[in-house]
Amino acid sequence: MLLPVAKTVKCKVGRATLTPHKPCLRLNIIGNTVCVFVCVFCCRIVQEQCCVTVLEDNMCTIGINVAKEQGACDSLLTSTCETKTTKMCCDCCLLGRAAHELDVPCDHSLSVGYQCKIFVCAHLCVGNNTCGCLKGYKLRPDGKSCEDINECLLGSSNCRVGERCINTEGAFRCIREVSCGTGYELTESNNCKDIDECETGIHNCGQQFECQNTQGSFRCIPKVKCGNGFIQDALGNCIDINECVTQTSPCNRGHICINTVGSYICQRNSVNCGRGYHLSDDGTRCVDIDECKGPQEVCSGHACINQLGSYRCECETGYNFNSITRLCEDINECRHYPGRLCAHKCENTPGSYQCSCTTGFKLSSDGRNCDDLNECESNPCSQECANVYGSYQCYCRRGYQLSDIDAMTCEDIDECALPTGGHICSYRCHNTPGSFHCSCPVNGYTLAINGRSCQDVDECVTGRHTCAESESCFNIQGGFRCLSFDCPHNYRRVGQTAARLERSDTVRCVKSCQPNDIACVLDPTHSVAHTFISLPTFREFLRPEEIVFLRTTVPVYGSYHLGGYDVKFEILEGNVENAFDILKRVENGVYVGDKDFYVTVICDDSH
């Protein structure tokens, strides 16, 4: 008689058990309330059959949705029983929609035709043209489609403390936010499980201990148990317990406690004076010892004050009394008062301290502050010294530079060796300590007022030349020349004859024919001019330059008393390697002759 009841209950369980991730096989049998009088095998069959029925309805609903959304069922596979049901419902739905479009009536008693006629539901049809949704979804306002329920946002999840809720389509997941911690591991069900260190062998218990697992840890229990009067240490060793210390008055009054191995004994008390006392002469009482009057000096030079059973030292300034060692110990003032006693450095001394200064400073009269030390008073520099705060600076006079080695010694600067040394003196530079001087060639020059340039000595003016009276002195750069000029035959000198020729001077000879000398008269040359020019040659010519200009005094093509004439310019001598050339041109109606100098030849004083 209980079989229908059992079937009804089992069918409810079968439907409720079905989830998207849990098959209908191997379902647990509910309690014995219903199946007491029914075979367990029968209950399991009923439960699985009801579960399969719900599963077929769900797979059919999936096939209907594919038909509505895609309009075709080709994408569905038929490899399993469930997918065959999905394919069949999809095909039936397409057939029903086609019949509806042709106004062909359908049998409403069929579930598929009923779901696919006019009122189409996204998930479930619950009757009376009403749609429903699967678990984890809710019906949209259109009454047909379904949307996911965000259990995490609504707070309807069952995630525990320390877990974070993550919404999924139609469901949700719980993920731990914090790790399980030492001694635990995370299981596949997102739970923390204790690690049995004893079973896995990851404990550190010694050979004399046994491992006992605890929640999140383990405990090492000694294998050997100690007897009474002993206690076990961390290494498992048995240590004797001093009952005379650990227990309060283990012996009766008038007795003293004496510890033994594993126990203790009580012995009748005899007069035993403690530290600072000694037994009286009659041996009945203890008398205080005056340590301050003993043969041994207990305070090491400090005042001693006797006390009952003890003494104390009255320490001098800079010392503290140590009640444990009962001695006066020096106070390290530099450590107790850092930066408040001395301006620079503090050094502890017995009973006091001493200040000192860093390099460049000296201790002031108050013994604490530091004053700047004038190092220049000890003449550390070879030349000049400038005192600065905490140090000094050496510098040198003009013509010297500070040594890179000691920064105190001044070394001479060789001005002649500097990159600009070649331009300091026009001829030769001589270095001297702290300075330099210039020199000129021994003969023909003298040093100018600026002390650097060489100035030519005019031997013709100073009278240092060696020209004869019949010769004219002509000054040149660095020397002089003795020149003797005679006019050619049938020519005579015009102008006054001087013993000295200027840097640019001209000696002119005009034609003076002898009587009846027809050849002389017919000679077209009327005058001969000798021009003397001193050309300085201390520089090189980088390109041809015009250096001499000779200008005639008569117009070009002018008339002469004997007819037309011409002007000729020639270089008679000194044109070594054709270094000079003559250009003849007309400027302002007169002839002008130029001597050009080419860069390929260097001109010297002999030209």
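From the backbone N, Cα and C atoms, a Cβ is placed for every residue, glycine too.
The domain 'EGF-like' annotation in TrEMBL covers 288-329 (among others). Per-residue pLDDT, averaged over the domain 'EGF-like' (288-329), rounds to 87.
The domain 'EGF-like' feature in TrEMBL is assigned to 330-371 (among others). Sequence-distant contacts of the domain 'EGF-like' (330-371), counting only residues of its own chain at least 6 positions beyond either end whose CB sits under 8 Å from a CB of the stretch, comprise 316-320, 389-392.
The residues of the domain 'EGF-like' (372-411), classed with DSSP into helix (H, G, I), strand (E, B) and coil, number 4 helix, 16 strand, 20 coil. Here TrEMBL flags 372-411 (among others) as domain 'EGF-like'.
Among the features that TrEMBL reports, domain 'EGF-like' is placed at 412-455 (among others). For the domain 'EGF-like' (412-455), the number of residues in each DSSP class (helix H, G, I; strand E, B; coil) is 6 helix, 16 strand, 22 coil.
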Residues of the parent chain within Cβ reach of the domain 'EGF-like' (288-329), under 8 Å, 6 or more residues beyond its termini: 274-278, 350-352
For the domain 'EGF-like' (288-329), residues assigned helix / strand / coil by DSSP: 3 helix, 18 strand, 21 coil
Same-chain residue ranges lying at least 6 outside the domain 'EGF-like' (372-411) that approach it to Cβ under 8 Å: 358-362, 433-436
